[in-house]
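*Asks:* Here it is: the structure, laid out below.
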């Protein structure tokens with residue numbers, strides 16, 4: 001990031017600063033910053049004038065948070081990390097999961113569970129998989145959606161241990177309405193479900209650094225000028241919603257936060273026991289679950305020691321000269337799964353002290369009309385350095401099972417996994433603990449297209465690698481083993497017949513199975 005990470009700002013800066021003596025440069029920069037901030041505040045007030053009632057109050061709270069973010073954005077000078085100050089975390093700051101799991105669990109597990117709240121990040125849409133509406137409502141296994149599986153997991157815990165672990169969904173303005181309609185179906189389940197909304201921030205014109213929105217509405221011309229500002233917004237939104245205080249009053253002490261599309265992110269009783277059973281003087285306020293990097297994870301954020309604090313380092317913060325070093329699996333061996341265990345009391349304290357420190361992510365976008373905008377975001381894990389006695393736990397890969405694409409969806413729908421009480425576990429019949437590498441081509445990108453191409457999900461227990469490209473369909477009870485590559489060239493079509501066993505095969509050309 002440069003000082004004011006915006007190309008147009010740099011142009012204006014060079015133009016106006018010609019002839020300014022060096023001694024006055026800092027003063028000139030400050031004047032320009034103040035002008036930008038004043039203009040932004042005036043534009044936000046104009047937008048608020050177009051709102052009424054509750055909308056106005058909610059938007060004012062959102063804009064207060066946005067102003068703080070914008071102010072910090074204008075203050076940024078150079079990269080957010082000084083590379084020589086980066087060190088590997090001390091040995092005891094990232095604990096192996098086996099060490100924590102070796103401690104015997106107490107008989108009073110219910111006491112620990114009654115201090116827990118499960119929070120799922122539910123702000124995303126299913127657009128990357130060709131679906132409308134919240135991603136959490138996509139069916140992933142036996143007609144169960146991400147949300148169904150989450151509710152089943154927590155209900156199972158509550159019944160088994162006679163506890164009251166609630167589910168909290170952090171929605172965005174994109175997902176809130178549809179999610180709330182669906183929640184009615186869980187009325188008779190043994191899970192209390194709460195929701196709160198992420199903030200709604202205005203996208204900023206890259207040239208003027210002012211909001212693109214003309215009024216507070218979200219329809220017509222204003223349909224794509226607002227955005228939810230990343231999951232780092234959880235702290236402020238949770239606190240502002242009043243739900244944080246309510247849960248503390250009910251005796252809750254910790255939240256377990258994860259992405260709703262990570263099917264490996266279930267409540268882990270060993271980690272919970274480790275949190276709850278620590279001495280008061282050395283209470284850990286933040287645990288980040290990390291797992292070993294593979295070649296597929298080289299861009300994932302990692303934990304470092306920086307200024308004597310554990311800190312999350314994301315690829316966007318790395319100076320260009322050190323990107324290859326960051327991607328090294330030998331130097332930075334682990335990455336953040338975004339499964340986080342956080343003290344509710346600590347969130348409250350840091351919010352009230354305005355001490356939550358998260359790096360700003362500047363995300364450039366192009367609107368449908370071609371206009372270039374930026375959106376300012378933060379990441380939930382970046383706050384780790386604000387908490388006392390933060391810890392990383394190196395967990396098994398099975399706790400990181402995200403479904404981002406239809407290739408991921410094929411894995412979790414297959415016989416590689418068995419489903420019990422909402423939790424997916426790797427089949428005992430698979431000889432290797434690693435998941436196969438699956439790459440489905442553009443003909444499979446949308447869930448609906450994907451579903452029409454499989455009469456049934458193939459047997460993948462002995463599969464290592466699958467690549468499919470072009471117009472390919474699979475009949476019933478197909479079995480894939482070893483490395484299988486199926487390529488239908490443009491204009492060709494390949495129908496894999498029912499009952500076919502493909503082991504270490506490359507299939508190409510044209511094969512049509514005609515109904516008769």
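Note: Cβ is positioned from N, Cα and C throughout, glycine not excepted.
Checked TrEMBL, it gives:
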type	residues	note
BINDING	135, 198, 230, 261, 404	UTP binding site
BINDING	231	substrate binding site
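So that I understand the layout, could you describe where these features sit and how close they are to other parts?
*Replies:* In this view, residue 230 (UTP binding site) is surrounded by 23 other Cβ atoms within 10 Å of its Cβ, with every protein chain counted.
Neighbour list (residue 231 (substrate binding site), Cβ cut-off 8 Å, at least 6 residues apart, same chain): 121, 123, 170, 198, 259, 338, 379, 380.
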*Asks:* Which chain-mates of residue 404 (UTP binding site) that are at least 6 residues away have a CB under 8 A from its CB, listed by sequence?
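*Replies:* Those within reach of residue 404 (UTP binding site), by Cβ under 8 Å and sequence separation of 6 or more, are 128, 261.
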*Asks:* Among 135, 198, 230, 261, 404, recorded UTP binders, what is the largest CA to CA distance in Å?
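*Replies:* Between the most distant Cα atoms of the UTP site, 21 Å.
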*Asks:* Cβ-Cβ under 8 Å from residue 135 (UTP binding site), same chain, 6 or more residues apart: which ones?
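*Replies:* The answer is 124, 125, 126, 129, 146, 175, 260, 261.
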